[in-house]
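Participant: Here it is, the structure in full.
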Amino acid sequence: MANFKHCISSSWKWASSYIRFSKAAIFISGLIFSKSFIEIAFKAFLISYIIDTRKNISIGAAIAYAAATDGIQQLLVILIHHLATDRHGYFRVIILTFPCLIFGLLILWLSSLLLSQQTSNQMLYIALPVILVGLAGEDVSLEVFLRQHFVEETIAVDKTKSERQQSEEYKDIVEGRASLWSNGAGFLGQFICWTFASSLSWKKTIMVSFIEVAAAYALFICGKRYYLRIPPTRRTAVSQLKEAKGLVKLIPLWLLFIPYCLAEVAGFSIFILQSYRLDTRINPRISLHNSFNKVPVNSLYVFKQFISFLVSMSTKYLIRKLWSSEEAMQRGARYWRMGVGMAVGFGSLLSAWLVERRRSDLIKKNPNDDEDIPMTILWLAPQFGLLGIANGLVLEGLTDFFYDRVPESKQYFEVLFNHSLTVIGSFLSGLAVLLAPWFGDTIDECQLDKYLLMLAILNVAVLPLYIFLSLRFDWNMPDEVDGRDIEIEEVDGSNVEILMEEVDGRDVEIL
């Protein structure tokens, strides 16, 4: 009888806990939905908004503008991540940053109602930094805050497995449950934006985005009693900088990913511009209503995001399942994953270069700006698809790539390290566009093919260097105990910790 009561009590606690986590996940998913909607409706096509609203801006300046905003957002991600983990917690960061996004969209919507172009441009300078704060807060907090609720949930794992396998199984279950909610809400937001907002004007798109984000934020506030409030770590910035000194060793290897970051910037700037004057009809010979016979450019961006998600998830699953008991082989597979991703990124840029050559030739034969050229927008699908594969392998794999090389005590530097790489890539891209002689005032005057070819050459040239440095040097960082390095070595089938202390300039093993 006692066992029965205990079983009923445990089941009731589990059910109550699950219901609470599910309610919290529903409210948080509303914000993730709005994040994905804004990603497709505005952020990914910021360059189009800049060109449409600022008539006197050159193409090179517009690309540099879009790249700089991405770099500023990644800088804000680093800052807000520090505030969320070490100062205020993720819940408070969400509460404080989302109103910035709402306020910024409201300013843009009001500026679209103004007749004065100069006043509208001035309001853009006010709205954009505020929006970037909100977008950075989204990137930092939403998925981590959702995952925290599932980490706190009681999850049963197979006790017959080793401690490492149990830990991996637990992480897989947590990641799977959190991904089910976040990716489901994210793809729903992208799909609705693709089907609903693709035919709207910028004025209506921003109005709908403002209403959608405001409603999602209000829904999130309504569910505040279901959320877990995990306190911040209270680490100081000075102490973090002291701990990060050892990460300098990893910088040469990480710098090799900058050419790929330049390709990512091209994905939301130059790839978008290449759709100019292309025929968006699925089949020009079929007479259907435009809404049924049209491929908007944002559908290609959604296609890229979906491919990236599939590749990232399937790659993680295959590596974990094929080498479930060999950690060294898992690390090797993740190393090759990054190299393959860089090679696929080269393929994407090469495809974009070939498309641009053909597009430029057709534009020269059809100089009338008001007419589409005889080239369908589906020509852009291969480069978006290949970039999605590369994104799933490289950018989505940088987290595991970093974790493989640093001890667990320093893994919280992942955001600082990897987002700093994106910051460098974004600002370098903007600088390269401003200095390159291939960008004119209009898209017809630009020689985008030469810039794309330069990026392709950079990406393929750095690949052999990546392979050589990865095989030639050991980039793994040992942990420290009382200021001394600690390394894990396998002795007689078991892992043994060996302290390394420097004596007379030599590393001496201390068992």
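Heads up, the Cβ atoms here are built off N, Cα and C, so glycines get one too.
Those TrEMBL annotations? Automatic predictions, nothing curated.
Quick caveat, the model's predicted, so the values are computed rather than measured.
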Participant: Need the matching range: TrEMBL marks transmembrane segment on one of 57-78, 123-144, and I'd like to know which.
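Facilitator: Transmembrane segment, as annotated by TrEMBL, spans 57-78.
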Participant: At a Cβ cut-off of 8 Å, and with pairs 6 or more apart in sequence only, do we get at least 3 pairs between the transmembrane segment (335-355) and the transmembrane segment (90-111), yes or no?
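Facilitator: Not in contact, no.
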Participant: Residues sitting near the transmembrane segment (90-111): Cβ under 8 Å, six or more positions beyond its termini, same chain?
Facilitator: 31, 38, 42, 80, 83-84, 119-120, 123-124, 126-131, 133-138, 140-142, 144-145, 148, 203, 206-207, 209-210, 213-214, 217, 220-221, 224, 227, 229-230
Participant: Cβ under 8 Å, sequence separation of at least 6 from the ends of the transmembrane segment (247-273): give me the contacting residues as numbers and ranges.
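Facilitator: Residues 44-48, 59, 62-63, 66-67, 70, 297, 301, 304, 338, 341-342, 345, 348-349, 352, 380, 383-384, 387, 390-391, 394-395, 398, 402, 405-406, 410, 413, 417-418, 421-422, 424-426, 428-429, 432, 443, 446, 448, 451-452, 455, 458-459, 461-462, 465-466, 469-470, 475, 477.
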